[in-house]
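Before any comments, here is the structure.
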Amino acid sequence: MAKGEKVSHTPAGKLLKPPESAFSKPPHQTVLDQRLSVCSKLCFAIGGAPNQVAGSATAFFLQIYLLDVAQINPFQASMVLFIGKAWGAVTDPVVGFFITKSKWTRIGRLMPWMVGCTPFVVVSYFYLWFVPPFTNGRFIWYLGFYCLYQTLITCFHVPYSALTMFLSTDQKERDSATAYRMTLEVLGTLVGAAIQGQIVASAHTLKHCPQHNISAGHLGNSSGAEIVKRIVHSQDFLSHGKEMYMIAAGVIGGVFLICTVVMFLGVRERDDPYISKTEKQIPFHKGFILVMRHGPYLTLTAAFLFISVAIQLVQSNFVLFCTYAVDLRDHFQNIVLTILVSAVVSIPLWQWFLERFGKKKAAFCGITWIMPFTVMLVFIPNLVVAYVVAVSSGLSVAASLLLPWSMLPDVVDDFRLANPYCKGYEAIFYSFYVFFTKFAAGISLGVSTLCLEFAGYDTGACRQPAQVAYTLKLLIGAAPVAFIVTGLLILLLYPISEDVRLRNKLCLEELRKQSSISSRTLEDLSNV
């Protein structure tokens, strides 16, 4: 595995032309042979699945777990979600900084990060779903372990995301690997929701709500004051729920370990072949300034920031919506699975679509699907409509997952062409993209849970007041639509069309050839 460094800026490499015999050595295989085997793509994709398995479980179930099983109040739950996400966002650029300072090892520069942090991720994830025996300090417990989990998962996700650029220099191969990755990640999301949903579904049914132990309260609504019966979850429900969530956490932790081992055994990390062996890595702060000045990166990040916030709002509030707003609590796990199965099946469709019509058109066609159907579910809340909405929403979920990670390497290539003598910037692109999307998602999740507090969410109750149901409808319908429309309007300004992308590809191929010749020329001259 070659260790890429920097090319000399002197004209010697251009002016001195050794005889043909000086080039008898064949070109480096890592430069010329950039095709990836199906096995390599699958192992790479499997490596990203556990992050999505765990992420799916937390996205769909952490909020209702904190409220109904751990029984912390909505304000504390909103602080756990917001501070945890914000902390995870802050750690992304920090981890990106340390990755840029990492040296190449026998297994690469990124692989040691992923392999080393995996056992600690599993432990922190398990304790996130453990209810401690004390009551007063539960907020600190969950805040601490959620922040720890976010830190450790960042140490896995940032290098894994940047690994795309070190699989191949061929855009088509990278796009193909990204399609494999997104298919397996959506499948991981499906597996996470299936494992978590099927195991813990019995903890959220009405059979755990006894008809005794009732207290009355007065809540106002549009029709005047009404008496709302507060039916409290039984102690059997609480102990059963704690046990089910811990079992689910243990199973997902095992999946995480197995997938990481498969990725380690099947993926070969390659150094940047664009750079010759004398290139020096750019300082982190200079790389950060250059990246933040790159227009296509800012446009893409801003657009998908709003789109990802919309998807996060739907994910985090969907189980609560089905449970308390539309009386589908006995079906929510199957509806979630339908969404994710639809997403898995449609990933190849969107991969074909972006290759045929372009990535920007695919983004607009794919992401707009979810808007009319989520609004339909709010106004027509029955089971048949719910499944129709689930299938249609899966198409948009697949597009929102595939497109940003397929477009980001194009932005990196565009930056590479504008800054041909820079090295070590890939982690900056990926870490700050995740930083912005995580921070925005943290704010949205915190605010949405806080809205439930203001609406009068009753922790531990089997029924919620009308204001809570109305708030959940807004969080599922109107709010995501507003965020998606904003994101798509920003995406209109994205400048990398298919023509620009193909032009960049040809220019980078030429740059790669020149760098290879210059590197071998300097090496031969040093040998002479």
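Keep in mind that glycine also has a Cβ here, set from the backbone N, Cα and C atoms.
Record features (TrEMBL):
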- 1-25: region 'Disordered' (REGION)
- 110-128: transmembrane segment (TRANSMEM)
- 140-167: transmembrane segment (TRANSMEM)
- 179-201: transmembrane segment (TRANSMEM)
- 244-267: transmembrane segment (TRANSMEM)
- 288-311: transmembrane segment (TRANSMEM)
- 331-350: transmembrane segment (TRANSMEM)
- 362-380: transmembrane segment (TRANSMEM)
- 386-406: transmembrane segment (TRANSMEM)
- 427-455: transmembrane segment (TRANSMEM)
- 475-496: transmembrane segment (TRANSMEM)
Please give the sequence-distant neighbours of the transmembrane segment (288-311): residues at least 6 beyond its ends with Cβ less than 8 Å from one of its Cβ atoms.
93, 282, 367, 370, 396-397, 400, 403-404, 407-408, 411, 414-415, 418-419, 422, 425, 428-429, 432-433, 436-437, 440-441, 444, 479-481, 483-484, 486-488, 490-491, 493-496
Segment proximity, the transmembrane segment (140-167) to the transmembrane segment (427-455), 3 or more C-beta pairs under 8 Å:
yes
Please indicate, using numbers and ranges, the residues of the same chain that are 6 or more beyond the transmembrane segment (475-496) and have a C-beta under 8 Å from a C-beta there.
295-296, 299-300, 302-307, 309-311, 313-314, 317-318, 321, 325, 360, 363-364, 367-368, 370-371, 374-375, 377-378, 407, 410-411, 414, 444, 448, 451, 504
Report, as numbers and ranges, which residues of the same chain sit near the transmembrane segment (362-380): CB under 8 Å and 6 or more residues beyond its ends.
307, 310-311, 314, 326, 350, 353-354, 386, 388-389, 392-393, 395-400, 403, 407, 473, 476-478, 480-481, 484-485, 487-488, 491
Within-chain partners of the transmembrane segment (140-167) [C-beta distance under 8 Å, separation at least 6 from its ends]:
36, 40, 44, 47-48, 51, 54-55, 66, 70, 72, 79-81, 83-85, 87-88, 91-92, 95-96, 99, 108-111, 113-114, 116-118, 120-121, 124-125, 127-128, 132, 173-174, 177-178, 181, 267, 269-272, 405, 409, 412, 426-427, 429-431, 433-434
